[in-house]
């Protein structure tokens, strides 16, 4: 295997007292928590795009990162080199999974024929590398937003030929995900939205993307893909308004097209921030609607109106997120994919390790704290007591449809009901959470 990160062999767990920057302080893959190992709980993945494709460019500057494989005049050979380096990184970091878009791993080429040939060639290589290293594919997806053909959307494009091109990419990416043993397939509508309503037919575009998703479901069953289909919500960027705004919006879309039993959600922390929600809110909403699937782990900046895709570094935030996940029973096919990028000034190749090690330790510590909260049941006892009235005869009759507005109005008058307010105890609960986090 190509050696690019030759300063280190493999990242290992050394414990909280370690000062080694190339060691985990909290992530012990084999530590058992609530009956599962830490590795089984977190199901960690590294993303191909930010980690191995982004060169550090932004809207105001050229690439700042040294990526030798991007300078290869033979782009296919460069993609092969990138695969070598990617799997060296994955193997040394010790994560079990990775994720990719189709054009992350292979050059798109100048025609659909070249696209298919290049993609299949690199998939052959990835298949071999998975066998060599034991690293698995958490999910695959298709990039139907970067190429200029998608400037007006992919499935929502006014031109059905563009719709067909997007279908071609998803067809190939789904088949590759199936072949590589991927456990999920993700659909993010990067340009499925609008810039202005002056040239947009909302109803038509909604019907187009609804049909596209139905076709994806049909293909899943046709090829026998056993993984989970996931939609990734995002409110805006690159379009002004995107149709998959947040978890609740996606659920409404799925219900409209009869897909709520077929597709779940892949929730990104930064996208929750852009939608004006907390990360915990989006996770809790998905769990309540039974569409929780997977997570893109990162963080945004509430002071900025765009996707900063920074690595997660808040144990406070992620403890509450982990608590929601554990309450729901944990991941099934999903996991924590680090959809995050180092900063433009982090030009040392080993900054990739520092970023991932720190983020993994944040999730590991958050898992331990959330597990303690769940085991102590303090929060759940208070929530149960708060809603205890709904277990009464009155509460059950309301929920079971045995009452009406009229009968309830009569009941209130007959019994002269005068319910007294009860404290929500928010400050007390926040103190309990902090006590667990900082103990």
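The backbone N, Cα and C atoms fix where each Cβ goes, glycine too.
Per Swiss-Prot, Mg(2+) 1 is bound by 232, 268, 296; the candidate from 201, 246, 339, 348 named for the same site is 339. Sorted by the number of other CB atoms within 10 A, the recorded positions 101, 271 start with 101, the lowest. Neighbours of residue 309 (Mg(2+) 2 binding site) among the recorded positions 101, 104, 232, 339, defined as a Cα within 10 Å of its Cα, are 339. Other residues of the chain with a Cβ within 8 Å of the Cβ centroid of 268, 271, 307, 309, the Mg(2+) 2 site, are 234, 269, 270, 273, 274, 296, 298, 300, 308, 339. Ranking the recorded positions 104, 271, 307 by Cα distance from residue 296 (Mg(2+) 1 binding site) puts 271 first.
Using a 10 angstroms CA-CA radius around residue 232 (Mg(2+) 1 binding site), the recorded positions that qualify from 101, 271, 307 are 271.
Each of 188, 266, 267, 269, 270, 271, 295, 298, 337 belongs to the same chain as 232, 268, 296, 339, is absent from that list, and has a C-beta within 8 angstroms of the C-beta centroid marking the Mg(2+) 1 site.
The Cβ neighbour count for residue 268 (Mg(2+) 1 binding site), using a 10 Å radius and every protein chain shown, is 27.
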